[in-house]
Amino acid sequence: MKFVAVIRQVPDGESRLRIQEGRVDLSGATLILDQMDEYAVEEALRLKEKHGGEAIVVGFGPERAEEAIRTALAMGMDRGVHVVFEGFADPVAVAEALVPVLQEEAPTLVLTGGQQADWDSQALGAALAEGLGVPVVAWTTVIELEGDTARAKHDLDEGAEWVRVRLPALFTTQQGLNEPRYPTLPGIMKAKKKEVRKVQAEVRPKVVLLSEEIQEKARLGRILDGKDPVAAAEELVRLLHEEAKVI
Amino acid sequence: MVLVVLDHDGNKLRKGTLEALTRARRLAEGLGEKVAGVLLAEEGAPLEEARKYVDILYTATLGPYTAERWAAGVLAAAKEGAKAVVVPSSRQSRTYLGRVAYALKAGLLEDTLDSSLEGGEVHATRYAYLNRVTQRVKAPLPVVLTVKPNTTPLAEPLGTSAEVVPLSVPQVPTVEVLERVAEEKKGVSLTEANVVVTGGRGMGGPEAFKLVEELAALLGGAVGATRAVVDAGWRPYGEQVGQTGKTVQPALYIALGVSGAVQHLAGMNKSKYIVAVNKDPEAPIFKHADYGIVGDVHHVLPALIEAVKKLKD
């Protein structure tokens, strides 16, 4: 069996974003393996540990994204493929670039994060599934392999459902599926020697990024002392009623 | 034509659908095109209501929702000549539209705040980087776009009754739905609510959420929860606000015993007014709050409920 985790490198949520010439400038930001994709890597590792086979990480992005691929290798993935592309590529274009690479690998299961922390997009998994001609189970919280099918639980807008799906299939991952492991020191040492095959991406962007700006809404910051809870609560309700006019 | 996916609850079009219709009409006007709707249903759908909002209505009964079936249904309608597909943003729609956009080789603009036609291309604004950045993007036609809830005025009926065209939707390999795990639905939906009252870890346990519910009900709002609360099993996942849960943008967001992790902020930082109650004055949530009380939520929350009741009398 072959388990593929598709990953990207994104800025850490806590890291400060700067704008240069109308674009987010990541040169000073801490870049990490997307936390949603970490669940995909962890699940690929667990499935391989249970069922045998190979766990492969496929990363998309600029040269620096190799760091995120190495993180996945340090967690235990067997080898990596890096689909290299500098610049902005929308998720559908990313999927188009990744599909031939994934077809070549012919995985049993493809896993990727439910939402990307940079573009706030949820489309990559579904677009990949369409390109691969396989079903998608989105926002998965349980995956159990049973022969050539998988039984999975995933979230809907309201509630959740259990589904059975014939493999190969694609799963998008999220919180609740597992607890991703940390790379260990021996893992990090080993990761340095693992293969990362480079593929130059053929990307046909469909969406053009015109401009970006940080719009932190200025907040009022009117913080009351709650030593006297009743007085504070009454004052808060007065402010919300008279000043903000929201109640 | 400009195609709108008419999301509904089995009986009625959802509010988000009426927003999507407004966006679609604007695009259609610019393009000199008609507005078509596609009504997909497991069974039962608000057919007569839907006919009032569009020029042509495509319909199909597809069985239980799966991303593949819904994508096939939207594609079958889009292939009748859609220049743009406009869809209310939901977790489900954003899942299957990746398939639709890929199949149509279309630009996909997700969760847009606005959209306009400029020089034959669709321009849109959306948030990125965990809601911290506003992006301006454009895509040539055909385009697929989803409409973020609470961004657009609701469409009025057209005063006509559209022709109904049943679609022939190809069978597609899909998942087999084994069992639905329904969530108890109470009051207004979280993503559409004007007021959201969220409890965090600081609430101390599931019992304390009775008061959160009471305050939310008093304000005509919905209850939210943080990831820690959901992980602890105090509240269902459907109430989770944040990067891995729902994104909300109400007029008033009240965070009770919430520390304010970046992943949580990503789900609510565009709310018009943010109120925080936390006993830790250093909690990051206060940096993002318009109003706040530094105090024990177990004392402040009952007092808040009383104060709101007093105001209402």
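Here the Cβ of each residue, glycine as well, is placed from N, Cα and C on the backbone.
Note: TrEMBL annotation is automatic and uncurated.
Annotated features in TrEMBL:
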| type | residues | note |
| --- | --- | --- |
| BINDING | B:ARG201, B:226-227, B:240-244, B:257-264, B:ASN278 | FAD binding site |
| DOMAIN | B:2-184 | domain 'Electron transfer flavoprotein alpha/beta-subunit N-terminal' |
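Projection of TrEMBL feature records onto the structure.
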| residue | record | Cβ within 10 Å |
| --- | --- | --- |
| B:ARG201 | FAD binding site | 17 |
| B:GLN240 | FAD binding site | 26 |
| B:GLN243 | FAD binding site | 25 |
| B:VAL258 | FAD binding site | 30 |
| B:ALA261 | FAD binding site | 18 |
| B:HIS264 | FAD binding site | 28 |
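DSSP gives B:HIS264 (FAD binding site) a helix state. Those binding-site residues from the list B:ARG201, B:GLN243, B:VAL258, B:HIS264 that have a Cβ under 8 Å from chain A Cβ atoms: B:GLN243. Mean pLDDT, taken over the domain 'Electron transfer flavoprotein alpha/beta-subunit N-terminal' (B:2-184), works out to 96 on the 0 to 100 scale. According to DSSP, B:GLN243 (FAD binding site) sits in a coil region rather than a helix or strand.
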